[in-house]
Amino acid sequence: MLGNKMLSLPEQQPTLKIINSALVDLPVPANISIWWNFGSLLGLCLLIQIVIGLFLAMHYTAWVELAFSSVANICRDVNYGWLLRTVHANGASFFFICIYFHIGRGMYYGSFHYFETWMTGIALLFLVMAAAFLGYVLPWGQMSFWGATVITNLVSAVPYIGNDVVQWLWGGFAVDNPTLTRFFTFHFLIPFLVAGLTMIHLLFLHQSGSNNPLGINANLDKLPFHPYFTIKDTVGFMVLIFFLVTLSLTSPYLLGDPDNFIPANPLVTPAHIQPEWYFLFAYAILRSIPNKLGGVIALVSSILILVSLPFTFKPKFRGLEFYSVAQPLFWSWVSVFLLLTWIGARPVEDPYNFLGQILTCAYFSYFVFTPIVINLNDKIV
């Protein structure tokens, strides 16, 4: 009798019913591959970042005279503070690795045809990028200060209102204490907005159902999410945590910038100002345009162009796996993305400038030529 009551408990309680339908009894295509693991890995990354961020915020001081010292204090005097800081910093890198794999899978298998899910995903990408940029400023090292100065100053390229908006962002006529205070405020707030928008993202996904590698209706071959896919996701969690902890314990500052170990000094400019490695592709696109406003437009377009995919890609088959001509274009685009990341970390001189301009053209060309190639292929078929 008690067993029957326990079994029916998720059906009786409204909250448990929602959780049960989303995480236990959710019908999932049986043939989804490991590429579908990255959504759950992103959820894990977000949870790790929020929890560790809360503990770091307890010890951080958002004041230009004390910010750098407070980060040093966290690493030296707070119990396991060094581990919290390095896992938080490297966790951001793993977050973006999972994001880029997640987006790449969506592009390859045609998940962008789920319009609402894709658009909320792009909004999530912008929010996560904003949070990561703001977090990069908080240690108040040399690269933090000059990165904040250079990137926010790009807003001044907007006609008429640009300079006023920059001063509003800075809270004055230069990057100073008001800037750091508001950056910390928004860095603390945005992850909770990301968590809320993630719920909406999942709501749209569960309305349409998940895509699958074949891109066909899988209603006849679906399994409950638990236990098969919970075990698959748990394996992914273990692998991610293993690599994150290993990196944080063996080479914690490998993905950081050495200049950030120097306190911020407005009078000394670093030899090469650059953002975090996961923004370097966009930074290379920005640098490849000689005009300031044109560079800003190209920078924003490098992400915003993902919005065009549901409108320009109208194939007979959902994914690229059935288009042998389009597959080389996709993997060439992935190579261009990686090369742009490398170019973004190089000095602003030839041949890197010239290579960056060629790669920028190649980056945007994918979104123009691939739909044309697919349409021609469909007509031949």
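We count from 1, first residue shown onward.
For all residues, glycine too, the Cβ spot is worked out from N, Cα and C.
Model, not experiment: these values are computed from the prediction.
Residues or ranges marked as heme b b562 binding site in Swiss-Prot (evidence: similarity to another entry): H88, H187. Here Swiss-Prot flags H102, H201 as heme b b566 binding site. What Swiss-Prot lists as ubiquinone binding site is H206. The transmembrane segment annotation in Swiss-Prot covers 38-58, 82-103, 118-138, 183-203, 231-251, 293-313, 325-345, 352-372.
Features recorded in Swiss-Prot, as mapped to the structure shown.
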| residue | record | contacts (Cβ under 8 Å, 6+ apart) |
| --- | --- | --- |
| H88 | heme b b562 binding site | Q49, I52, G53, L56 |
| H102 | heme b b566 binding site | F38, G39, L42, G121 |
| H187 | heme b b562 binding site | A131, L134, G135, L138 |
| H201 | heme b b566 binding site | T117, T120, G121, L124 |
| H206 | ubiquinone binding site | S21, A22, L26 |
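Here the transmembrane segment (183-203) has Cβ contacts under 8 Å with residues 22, 43, 46, 49-50, 53, 57, 60, 62, 117, 120-121, 123-124, 127-128, 130-131, 134-135, 137-138, 148 of the same chain, all six or more residues outside its ends.
If one looks beyond the transmembrane segment (118-138) by at least 6 residues along the same chain, the residues whose Cβ comes under 8 Å of a Cβ in the stretch are 60, 62, 67, 71, 92, 95-96, 99, 102-103, 106, 111-112, 144-145, 147-148, 151, 179-180, 183-184, 186-187, 190-191, 193-194, 197-198, 200-201, 204, 275-276, 278-279, 303-304, 306-307, 309-310. Only sequence-distant pairs (6 or more apart) were considered; of these, fewer than three Cβ pairs between the transmembrane segment (231-251) and the transmembrane segment (325-345) are under 8 A, so the stretches are not in contact. For the transmembrane segment (352-372), the residues of the chain that approach it from at least six positions outside its boundaries are 281, 284-285, 287-289, 298, 301-302, 305, 308-309, 312-314, 326, 329-330, 332-333, 336-337, 339-340, 343-344, 346, judged by C-beta separation under 8 angstroms. Taking Cβ pairs closer than 8 Å, the transmembrane segment (325-345) reaches residues 100, 104, 107-108, 274-275, 277, 279-285, 287, 352, 355-356, 359-360, 362-363, 366, 369-370, 373-374, 377 in its own chain, all 6 or more past its ends.
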